[in-house]
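**Student:** Got a structure for you, questions after.
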Amino acid sequence: MATAVEPSFRDSVDLMYGRAVKLLDLSPGLEEKIRVCNSTYVVRFGVRLRGQIHTFTGYRSVHSEHMEPVKGGIRYAPTVNQDEVEALAALMTYKCALVQIPFGGSKGGLCIDPREWEEHELERITRRFAYELIKRDLINPSQNVPAPDMGTGEREMAWIADQYARMHTTDINAAACVTGKPVHAGGIAGRVEATGRGVQYALREFFRYPEDVRRAHLSGGLDGKRIIVQGLGNVGFHAAQFLSLEDGAKITGIIERDGAIYSEDGLDVLSVKEWISRQGGVKGYPFATFISDGSKLLETECDILIPAAMEGVINLDNAAQVKAPLIVEAANGPITAGADEILRQKGVVILPDMYANAGGVTVSYFEWVGNLSHIKFGRMERRQEEARHRLLVDELERLAADKGLDWTLSPGFKEQYLRGAGEIEHVRSGLDDTMREAYQSMREIWNGRGDVHDLRMAAYMVAIGRVATAYRSKGL
Ligand code: NAD
């Protein structure tokens, strides 16, 4: 009997794209134009470190330039390859279109295990990689704007921004060449938490529709739901932290590189994170059961499974055993095309990556806009807003006193109502709005068309439809 072969990540994205375009009315030419990756630049560069020259390989793919700049993270991992970077660049195109962010799709990667290098060495490697991309306009505020991804963060983005500024000393918009920078170096409040926050907003929106919740064989709201998270990095940590602290969900399992931990009563996410920072993994964490084969926890019973580490973790080998009725793809491509088919047949509802992890690029967009406008969100209106609210509160209290009424506004309400919105409030509001609108555009197709049975297909259809409209209006 022939065993099923797992398609590559790139092929998985193509397969899903192929399924979606069958349901859309596109000309074959336009269908192919949207599918293909416009270009991939491969660079090999040497850096003298530890007394010898080390050669590194990096990539920057541009999938679609129907809107510019193009946008997408830079990932550092030893497994980075062209297939992966191109698949991720394609996902960026669709993701930006789905959440209505005016960017095309791109992605970059460097084959490196960042844990093998000291900070000052990583800085030299990053600056050199950035130099190679900047001189070809593959990092540029109006053409191509990277962001953090797996293995990179604020620190690397600050080095890249500084490298660009050194090479473009008179560019007043230099800071907009990259997003995900530290707040003190042109970043925006709420970018670090953004992708995890977006996962939370995505789930909140999903649970606002009881009929959608029923399709996942669940009921009620997020309160008390048992959640298993894979990867307690930037995305997984923030999602787990917000869902447990603010929505009453129970994080029953956490899967990391060295194994997994499980507790029916729920885990204290911050204390697990602190344990990992100190010990390098989850092993030995005192208030939970340790499972050395961590991936087994992907098959454990829970209400919501959140893979937030890497691609391909739910595949032909384990998809049939997955018991979660609802999966949120916080990572990019955690479910292979083969596994997706199995899960769909089982009736599992999947919030697809293109939607579920769009919080990062959404807040990156706000950061880029802030860099170009050279002013922080909320700076002009915050105190004015506070003054107007103060006017109303004072007037209400004066009226109550005049009428001899024995009532006052509760202090909690007053404090909250009087506080004007600063940058973080603007960012969260914009992100919440984005996640709600995007979900609504998907569910309209999911619930409204008899031939669309999953949210991924709906997401692809919304996104491809928008990219097609953009190309058509350019006369293509
Ligand atoms: P990260 O490097 O901060 O965290 C990844 C975490 O996963 C780490 O804690 C790591 O130890 C763990 N991990 C790695 N391999 C694992 C394995 N085999 N099993 C279990 N755990 C493992 O990365 P991140 O930024 O949180 O990104 C995670 C995923 O989310 C990636 O797929 C990335 O493309 C996607 N994503 C990230 C962002 C963002 O803003 N950071 C935005 C969109 C999508």
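Positions of Cβ are set from backbone N, Cα and C atoms, glycine also.
TrEMBL annotations: computationally assigned, not manually curated.
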**Student:** Among K33, K95, K346, indicate the single residue that TrEMBL lists for the substrate site containing K71, S364.
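**Tutor:** The candidate from K33, K95, K346 that TrEMBL ties to substrate along with K71, S364 is K95.
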**Student:** Can you grab the distance from D149 (site 'Important for catalysis') over to N234 (NAD(+) binding site)? Cα atoms, rounded to a whole Å.
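**Tutor:** About 9 Å separate the Cα atoms of these two residues.
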**Student:** Out of K71, K107, D149, N234, S364, which recorded positions lie by ligand 1, with a C-beta less than 6 Å from some atom of it?
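**Tutor:** D149, N234, in sequence order.
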**Student:** Please name which of the recorded positions listed here, K71, K95, K107, is nearest in space to T195 (NAD(+) binding site), Cα against Cα.
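**Tutor:** Going through K71, K95, K107 one by one, the closest to T195 (NAD(+) binding site) is K95.
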**Student:** About how far apart, in whole Å, are the alpha carbons (Cα) of S364 (substrate binding site) and K107 (active site, proton donor)?
**Tutor:** 14
**Student:** Please classify the secondary structure at K71 (substrate binding site) using three-state DSSP.
**Tutor:** strand
